[in-house]
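The domain 'SLC26A/SulP transporter' annotation in TrEMBL covers 1-88. Residues annotated as transmembrane segment in TrEMBL: 12-30, 42-60.
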Amino acid sequence: KELVGQGIGNSIAAIFGGIPGAGATIRTVVNITSGGKTKLSGMIAGIMLLIILLGLGPIASQIPAAVLAGILITVGIGVMDYKGLKAIPALPRDIKIV
């Protein structure tokens, strides 16, 4: 459901010239890792993020883009499926190209 929602959101953002995003996936990983299993835990995480964003937004806007890029790369590496990467050599060639 989450991936479908992100796909729809990114498609609509593209129509209006917006930037695609995938923050909800990372938020879900953090939520599940910390033991959240219900919709309430996701809602509380979203509300906390909104409070932090509104309260610390002016401070966060001063963070250099290079620092944010480094954080994104680190998080991306952290959620990478290494078992899936090991399976790539066994895939048919036409699928590997995609």
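Including glycine, each Cβ sits where the backbone N, Cα and C put it.
TrEMBL: automatically predicted annotations, no manual curation.
Keep in mind that this is a model prediction, so the values were computed, not measured.
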Query - Contacting positions for the transmembrane segment (42-60) when only residues 6+ beyond its ends and CB under 8 Å are counted - result: 27-28, 30-31, 36
Query raised in the report: So what pLDDT does the domain 'SLC26A/SulP transporter' (1-88) average out to?
Result: 82
